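Quick look at what TrEMBL annotates:
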- A:Cys264, A:Cys269, A:Cys272, A:Cys280: [2Fe-2S] cluster binding site (BINDING)
- A:12-23: compositional bias 'Pro residues' (COMPBIAS)
- A:31-128: domain 'FAD-binding FR-type' (DOMAIN)
- A:1-30: region 'Disordered' (REGION)
Amino acid sequence: MSTLATPLKGHAPPPEAPHPAAAPDPATDPMVPRPFRIVRVKKELSDTFTFDLVAQDGAPLGFRPGQFNMLYVFGVGEVPISISGDPAVPEVLVHTTRAVGTVTRAMWAMKAGATIGIRGPFGSAWPVETARGGDVVVVAGGIGLAPLRPLIHTLLNQRESFNRVMILYGARTPEDILYKTEVRAWRGRFDVSAQVTVDRATGGWSGPVGVVTRLINAGGFDAPSTTAFVCGPEVMMRAACDALTRKGVARGKVWLSMERNMKCALGFCGHCQWGGAFVCKDGPVFNYAAVADRLPVAEY
Amino acid sequence: MDDVSGLLRPADQSALIDALTARGYTVLAPVRQGDALTVAPVTALDQVARGWTADQTAGTYRLRRRDDARRFATTPAALPWKRVLHPPEAHLWTARDTGNGFEMISKPEPPPKQALLGLLPCDLAAIARQDKVFDNGTFADPVYTGRRENALLIAATCAQAGDTCFCAAMETGPDVRSPCDIALTELDDDAGWLVEARSGKGAEILSGLPLAPVPDTAFTQRDAIAEATAAAQIRTLPADTPGLLHRHLDHPHWQAVADRCLSCGNCTNQCPTCFCSNTEDVTSLDGTIAERRRVWDSCFSLDFTYATGRPLRQSTESRYRQWITHKLSTWHDQFGESGCIGCGRCITWCPVGIDITEEAAALAALEDAAEAAHA
Amino acid sequence: MTDTVKEPIERLLHNHPFFAGMEEPMLEKLAACATTRTYKAGHRVLKEGACADHFTVLLSGCVAVEVATPEQGVTPLQTLHAGDILGWSWLVAPYRWTFSATAREDTRAVIFDAPCLRRALEADHELAYHLMPRFIGVMSERLHSARLQMLDLYGPPAGARERGLA
């Protein structure tokens, strides 16, 4: 990282062409982060945490399930993180993040009261409305549950609009189950079938052991009427989409959310390109029928 | 008013630069810098290269004296025009730590007013491509669009095909086809410039110049110059190149290219349509001022694309495939046209002479051979 | 303990996904080697190293395939449920179980006598031809699952910290 010896000098407007506004307006400029206050920090797992954030200007950040924001740590950098809150409660912005790199590790060290810059929301959403009247299968792997959480909130808020609702969640170990309290609550509902499987059983785990695709294979949903929403590591999503279509779910009714690094989130920086798609604006939520060809292409 | 045209005789050509300067434009034009023709600000006509061109082949660029006095028969400039509208480094904003959060204290510098004199038709087409990238229907990039709106584009009929040129195949030249403000043709025997307004802005400038009537033969000569340049081009792309690349994402040929490719990113720096950038967040020494800058990036960098903290395109073959496939195939999916405008810079400036047209042709030949074997 | 509820085994096989698409005469031949059983939760269904003299088709309940190691004790590797099959060591000499298995819940199953089944397959290669691909399909799916588990997909991304990406 380089430093600015004289930070402002080089950027002062030249006297012959005074610029009308010296400071950009974060409310209208998609390139500029809006300051948000961290009101709550919850350590979810050994490397995963959730921030509840409130806009300093008080304006709620409305979003659709599946969309993401760019989170900025002052002077450190910016990362794309999906939104994990309830779309019906936009006053509190919720982000669940895993500390893996420079920016997310800086976030891990932040406490309530600190400020995070937010740009967004960006990208495509889980098309919840297309699932009405039929069965819904939500398939999550690891931290892939975080981008699906707003969708699950929406499904449960509008529970009567859907037939069966299944949540199939694969975690690394029983200790790595995200949103444990909520997962337990989903499992306790009579109108939701929530199943959790772990790759590695530890402690007194008495639930299923094995990959999440095995839960798909076990069925329990009406394939022709099913809409599926999938999020997790790419290999897991490939296996899950494959298992769903082998069960008879139409490719056009399977949706997945892709992860790529992004610098601008506006379609200009080119980093998130995946074939002809800009994941930032054409995704992150894609229809499986549209991307099934490119999903297995290595290093693409 | 757009249909203003005329002849600008050699003695009157300075008036164009004067008219642009008077309107507050910084005039950029092809100039000779050392052993190369590049693009730089000029204040007088004699600073614009005259009677120079460059011989370009795969991996080589050699300045050469012309046997005429043309200024714009340069072959594609060694330093692309891209940097004028999409600068290699741009300031996005500066923020200040308030002790209780942060606040924005500056944004991009006001866009300069620039006149681009002597754009070749390929470079002009590249600007039209980037126009679509930086105003994508959802978002408009203030840095590019600000510069673009303030820019005046003067393009010249191309009178010199380089060995690496293939604008005719890409249908971007050698005549001035893409939108601009003024189209200019250097008539034979230094008879003057045929200037044609292509926009209201262009017409306004031309109407203030000492224009002579257009000679009867000028338009015929303009078309003949372009036709001769097209006829001199030897490179082309295979039929249905977008489909060809899409069909062979896993072809072993990419490995053969990777064996030569240095992954240096020269092609992406030279390409006038390559738009990728990175952002850099930097802070003052005391940590109270943070700035975001945008700098050019290249899909040949290892860390260009990553997911869950791991570089995604670890192999050179995947990075070369990404570049050529984006340029010639997926660009169509994104913007409805090719990302290649046929300037040949990626061929000239590749240190090992990898040729985008040859690689596409090699893939086509391998496909044909495979089909013949099956038949 | 033989199941007292008498449902024709052919019907149970007919309705089980493992046998989907098999003709009735073949199911009858297979059924001749089969009985139904129920296991109480906690019952050890297979013991590592023991003679692999049967093959189990799960009808309901749950069985965990396990391995016991001195370091980690008994570790479940995978749970199997209704619609799954358990055990193929009976197909491969020396016919010894490579893992143990314990019923997690009360579990109902169809049990095939391995020597009887091997004799039937020996005598009827057509039957073997239809049965073997089903085993290979299951083995391939289990291998794929095991590899995915081995990948530790949800674990921390290796090397990300060193590179500082994101």
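From the backbone N, Cα and C atoms, a Cβ is placed for every residue, glycine too.
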Given the binding-site residues A:Cys264, A:Cys269, A:Cys272, A:Cys280, which one's Cβ is surrounded by the fewest other Cβ atoms within 10 Å?
A:Cys269
Listed in sequence order, residues not in A:Cys264, A:Cys269, A:Cys272, A:Cys280 with Cβ within 8 Å of the centre of the [2Fe-2S] cluster site Cβ atoms:
A:Met262, A:Lys263, A:Ala265, A:Leu266, A:Gly267, A:Phe268, A:Gly270, A:His271, A:Phe278, A:Val279, A:Lys281
For the domain 'FAD-binding FR-type' (A:31-128), what's the model's average pLDDT?
95
Work out the three-state DSSP category of A:Cys280 ([2Fe-2S] cluster binding site).
coil
Chain B neighbours, restricted to the binding-site residues A:Cys264, A:Cys269, A:Cys280, by C-beta under 8 angstroms:
A:Cys264, A:Cys269
Would you mind pulling the DSSP three-state label for A:Cys269 ([2Fe-2S] cluster binding site)?
coil
